[in-house]
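Notes for the one structure printed next.
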Amino acid sequence: MSSLILSHEQRAHGPWVKLQSEPKLFTSLMYDLGVRGAQATEVFVLDDTLDFDDLGEIYGFVFLFKMMGDIKNLYKEEEYTPVENPSNVYFANQVIDNACATLAMLNIALNNPQMEIGDDLKEFKEFTKDFSPPMKGFAITNHPAFRLIHNSMARHPEEALVVEEAIGKSSSAEEEPAEVYHYIAYVPVDGEVWQLDGLYPHPVSVGKYTNKRKWYDAAREVMKTRTQGFYAEQVNFVLLAITKDQLGIKKERVKECLYLNRIVEARLDELNSEWKAAVVDHPAIDEVLIKDEEEKISERDGVKKEIEDLNSNKDNIDKLVQLRTNWVDEIRVLRKTIEKENRLKQIEKTRQTFDYGPFIREYISILYERGELKELLNNAEEEEYEIVF
């Protein structure tokens, strides 16, 4: 059996590749796909009493599991009754190997109006919304930007990008089955939780919910059953919660402050149109929220309390100016923090996905040519090292 190691050029424009099941990698994948304010967090238990409050808002769950053999036999023995795909659920089938990570992320992001997605993703969803699940899958896997983003997440291309050549491949029964990975998404849509598995013909409703924040209760038993089955079969798996990240929370707070600032400035204008002249530091607030955003913000409990404070001082110009100053200062600080965290995110992504292989090989080659490699290896075998964390 022979294999072909793909170059970086082939990585960008060649076949889809396997991705490691790391939360940070999935967070970077979402960001590059155009999803903002979301992160992947590993969940270790599914106890009935666990409410996941510490995770904040949860957009969806992703099961990542390793199975032995052909993953496409996952539903081979299951009886399938064709059903019409629900019009309110965006669902794409997996039509090519190794694309399921990106597919799971898109199946979650494109079903969550709460998630912030870029213009390109919005246009893609609108363009493909009436496609059948297989056609949606083909649209995703043939999208050059999606493939490039997906493949750029491979940290070690020498290990991840191996394409087995069909010619000369052994079909011996004694050959060990290949390790294959698969990703299944769970997402809430209009009062129902849907299991979105790209290898299954259609979405599967696994339960209904009334508490939107704790929608996952409707899917808890299904997910527990799946994990228990994996334990019994000794199948490795990871459960990721797709949640709002701290950066997203900060961005939402900026919007809240913008909303509150607009209200307090309107009230100050009513009381005294010359109030700005008395403000020494009056930075311009150039961002304007759309009506739908303001309506959502106005329903938040924290914002309601701040509005109550504002209304209780609606005739006190000094107090209103102070409230306005607090919100403007908060916007300033948050925007600087967001800018800094965005830079750090980009640095982290570069560290996660940068290919250090060429440097390491060249470094080892130089040591070998100088005759220093053998001595270093011998010393390493003889010495004991204490590893300190």
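Cβ coordinates come from backbone N, Cα and C, glycine included.
A TrEMBL annotation is a machine prediction, not a hand-curated record.
Here is what TrEMBL records for this protein:
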{"type": "ACT_SITE", "residues": "Cys100", "note": "active site, nucleophile"}
{"type": "COILED", "residues": "293-320", "note": "coiled coil"}
{"type": "SITE", "residues": "Gln94", "note": "site 'Transition state stabilizer'"}
{"type": "SITE", "residues": "Asp197", "note": "site 'Important for enzyme activity'"}
Cβ under 8 Å, sequence separation of at least 6 from the ends of the coiled coil (293-320): give me the contacting residues as numbers and ranges.
255-256, 259-260, 263-264, 267-268, 271-272, 275
What is the number of other Cβ atoms found within 10 Å of the Cβ of Gln94 (site 'Transition state stabilizer')?
25
Taking every residue in the coiled coil (293-320), the average pLDDT works out to 89
What is the interatomic distance between the Cα atoms of Asp197 (site 'Important for enzyme activity') and Gln94 (site 'Transition state stabilizer'), given in whole Å?
8
